[in-house]
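K.L.:
Features from TrEMBL:
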BINDING   E71, H74, K172, E173, R178, Q190, H205  chlorophyll a binding site
BINDING   R76, Q129, E137, L147  chlorophyll b 1 binding site
BINDING   N176  chlorophyll b 3 binding site
Amino acid sequence: MAFSMRAAASRAAAAPCRASRVACRAEVRPSWAPGVEIPAYLDRSLPGDYGCDPFGLAKEPQNLARYSEAELMHARWAMLAWAGMIAVELEPNAPGGWKEAALWFRDGAAPTYVGESVPLTLGSVVGVQVVTMAISERKRAQSDAELRKYPGGRFDPLNLAEKLNIDDMKTKEIANGRVAMLAVWGCVAQGFAIGGTPLSNLGDHLADPGHANLVGNGGIPWLLYGL
């Protein structure tokens, strides 16, 4: 009996030790700049969160919510503005570009829509604008921050929120909006620095990139002024 126990113990001692190994792979989070430490309060709960807050402006929760909503509103306006700038330039009846298109009332002209005259006066246009803006701003008066940013309903007539991945759509919206804000900023700086319109300035740059550029056209002061 003692011999059997010693033999079993000897076999157990001679058996190879198989230790289990657990491999962990940390998720690499997308960052707005390589090597920059992402603040803990930017936890990817917001669409398009790449940890960009170098000055710590959104450290307080109330500031983060306010800046997030403000960025989204500016992004939407910028997308509309850029589309409007290009649409006006493509309209043959608006040779002055985006800077002159909004001054139709100065010369007593009638407003147009897609090249067709609209029988409205300046007062009528302002009245329609006030009513439509009041309806949309009423949505923003709600206490729920999520409903203020994404009201749905009549603002989603195609029901895309139900047909598509809503989180993915939110990320795409803010990403395109950020690009649009930069685009509008550049178009305005070009317009005041050298005149012209976005597409005409682009054509000049492609024809002579060595001279028709940001430095050669004196556009840097206007870009800094926009900051």
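Cβ coordinates come from backbone N, Cα and C, glycine included.
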K.L.:
Including all protein chains displayed, how many Cβ atoms other than that of Q129 (chlorophyll b 1 binding site) lie within 10 Å of its Cβ?
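P.N.:
Q129 (chlorophyll b 1 binding site): 10 neighbouring Cβ atoms within 10 Å.
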K.L.:
Of K172, R178, H205, which is closest to R76 (chlorophyll b 1 binding site) if I measure between C-alpha atoms? They're all binding-site residues.
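P.N.:
Nearest by Cα distance to R76 (chlorophyll b 1 binding site): R178.
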K.L.:
Which of the binding-site residues Q129, E137, L147, N176 has its Cα nearest to the Cα of E71 (chlorophyll a binding site)?
P.N.:
N176
K.L.:
Have a look around R76 (chlorophyll b 1 binding site) and count the other CB atoms within 10 A of its CB, chains all included.
P.N.:
16
K.L.:
Which is it, of N176, Q190: the one of these binding-site residues whose Cβ has the most other Cβ atoms within 10 Å?
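P.N.:
Selected residue: Q190.
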K.L.:
At the Cα level, what's the spacing in Å between E137 (chlorophyll b 1 binding site) and K172 (chlorophyll a binding site), rounded?
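P.N.:
Counting only the Cα atoms, the answer is 23 Å.
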K.L.:
With every protein chain in view, how many other Cβ atoms are within 10 Å of the Cβ of E71 (chlorophyll a binding site)?
P.N.:
17
K.L.:
Out of E137, E173, which has the highest number of nearby Cβ atoms, where nearby means within 10 Å of its Cβ, if these are the binding-site residues?
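P.N.:
Selected residue: E173.
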K.L.:
Of the binding-site residues listed here (H74, Q129, L147, Q190, H205), which is spatially closest to N176 (chlorophyll b 3 binding site) when Cα positions are compared?
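P.N.:
In terms of Cα distance, N176 (chlorophyll b 3 binding site) lies closest to H74.
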